[in-house]
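**Q** Okay, here's the structure, questions in a sec.
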C-alpha cells in the first residue's frame, strides 16, 4: 500500500488533519460551535468551486472564502441568540454560490463530488507541504493564546469578568477554525469536514477528566478513524469519507451508550 | 483605628443614553471592611460593580484605587455561570483558569501551588478532582469563589452569588467569606437582596434607590427603612 506515492501522501495528510481536528475540536465542542463548523465547511465548498472557476488551487479558494466569512460570521453572530439564524442564511447563500461557480467553470459532477466528499488520489506532496505549514500556523497560534482560549471556551462568563478580550478571541478562533476546515477538507471533503472537527472531541468529552486528556483522546480517535478509513478504502475501493464517518459515528454512539450506563448506575 | 482606604468613589455617575443610572455617588471603602450593596433590580447595582471593575466608564466623577500595599486587584463572583455538566473540567482546573497571561499552556509549579493554597483555604481540597459540572450548587459556588480568589485579590465582589443557594449552603459560604475576610484582610462588597444575611455578615451598607443613594453602618439599616418605598 505504501509503495504508492498517493497513499503515502494521503497518510501524511490524514495524520496532520487528525491532529489539528483533535485539538480544534475540543474548542469547537466547548464553544458549542458544531453548527457553525458545518457552515464553514459549506463555505469551503463554495470557495473551492470559486478557486476552480478562477483557475486557482481549490485549497486557496477555500482559504479565501472561509477566512473572510469566518470574520463576517463572527461579527454577525456575536450575540448567541442571533447565531443560528445568521449562520443558516450565510450557509444557504454560499451553497448557492458554490453551485453557480461550478456551473460557470464548466466542471462536471464528478469534480463537485470530489470537492464535497474528498479524495485520496488527488493529494500531491506539495499539497501535503501546504497543509503542514497551515497546520503549524494554527498550532502555534493556539499554543500562544491557549490559556485565554481555554478560559473563554470553558467559562465564558469568568473570562468576560476577568476582562479578557472575548470578542477578539472569538474572531481569532473562527479564523483558526476556517484554516482547519480548509486543511481537513482535502481528505474528507467539505461536506463531511465537521465529522473530524466535532465527533472525536464530542466522544472524548465523555471519557476524559481534564481538557488536556480530552485533547489527547480526540487526536487518538481522529487518528484511528483516518488511518483505518484510509486502509479500508484502499482494500475495498469504497470512498474514504464513508469509512471515516462511520468509524467516528460508531465511537460517538458507544460514548453515548457508556454515558447512559454511567448515569443509570 | 480605622484601616487605610482601598477604594474611593467621588461624585460618581453613570448615564446610559437618556437614562441616568446613578448620580453623585460618594463612597469610601477601607481595607478589610465588608459592605452590603442593596437595592431593587434595575437600580444600578451591577452597573456600579462593572464600573468598579473598569468594564464601564463613569460618565462623571472618579474612582480612586488606593492601595496600601501594592495594586488593588479585584476578584468578582457573578450571579450566573454557564458550565456544561459534561465538561472534562475538574474543580482544580476550573480554579486554575483564572491564571492567565502570555504563558505556557500548562501551569508552572508556582501557579499549581497557588491553586492548591486557595483550594485548601476554601475547603475544596477533597473535591479538587471532581468535575465541576457534577458538583452540587454549594460546591460550585465555592469553586467560583476560589477561582475569583486564586490571584489573591484584595477586593472581592460577590454579585448576588448566593441568590440561588439554600439557607444552609448560603450560611456556609458566607461563613467562609467572613473567615477569609478576617484572616486575609480581604475587603468584600456583597451585592444582595437578602437583608438578614446582610445584617448578619456585613458592617456597612449602601442602599441604592432611583435618584438616591444612602449609606451607613449596617445597624442603621432598619426593616422600616428597607420597606419604605420597597427598596429591595
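Yeah, the Cβs are placed from backbone N, Cα and C, and that goes for glycine too.
TrEMBL: automatically predicted annotations, no manual curation.
On a predicted model such as this, the values are computed, not experimentally measured, just so you know.
Below are the features listed in TrEMBL for this protein:
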- A:12-30: transmembrane segment (TRANSMEM)
- A:50-73: transmembrane segment (TRANSMEM)
- A:85-103: transmembrane segment (TRANSMEM)
- A:109-125: transmembrane segment (TRANSMEM)
- A:132-149: transmembrane segment (TRANSMEM)
- A:169-199: transmembrane segment (TRANSMEM)
- A:211-232: transmembrane segment (TRANSMEM)
- A:238-258: transmembrane segment (TRANSMEM)
**Q** Verify whether three or more Cβ pairs under 8 angstroms connect the transmembrane segment (A:169-199) with the transmembrane segment (A:50-73), leaving out any pair fewer than 6 apart in sequence.
**A** yes
**Q** Counting a contact as 3 or more Cβ pairs under 8 Å, with residues at least 6 apart in sequence, do the transmembrane segment (A:12-30) and the transmembrane segment (A:238-258) touch?
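**A** Between the transmembrane segment (A:238-258) and the transmembrane segment (A:12-30), which are separate recorded stretches, there is no contact, as judged by 3 or more close Cβ pairs.
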**Q** Would you call the transmembrane segment (A:169-199) and the transmembrane segment (A:238-258) in contact, using three or more Cβ pairs under 8 Å, pairs 6 or more apart in sequence?
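**A** Taking Cβ pairs at least 6 residues apart, the transmembrane segment (A:238-258) and the transmembrane segment (A:169-199) are in contact, with 3 or more under 8 Å.
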**Q** Hey, which bits of the same chain come close to the transmembrane segment (A:132-149), Cβ under 8 Å, at least six residues off its ends?
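**A** Residues 16-17, 19-20, 23-24, 27, 63, 159, 164, 169, 172-173, 176, 179-180, 182-183 contact the transmembrane segment (A:132-149) from elsewhere in the chain.
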**Q** Let me spell it out: take the transmembrane segment (A:85-103), skip the flanking residues so only those 6+ beyond its ends count, and list any with a Cβ under 8 Å from a Cβ in it.
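**A** Tertiary neighbours of the transmembrane segment (A:85-103) are 35-36, 38-39, 42-43, 45-50, 52-53, 65, 69, 72-73, 76-77, 111-112.
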**Q** Can you work out which residues elsewhere in the same chain, 6+ from the ends of the transmembrane segment (A:238-258), have a Cβ less than 8 Å from its Cβ atoms?
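**A** Residues packing against the transmembrane segment (A:238-258) from afar: 10, 117-118, 120, 187-189, 192, 195-196, 199-200, 202-203, 205-207, 221-222, 224-226, 228-230, 232.
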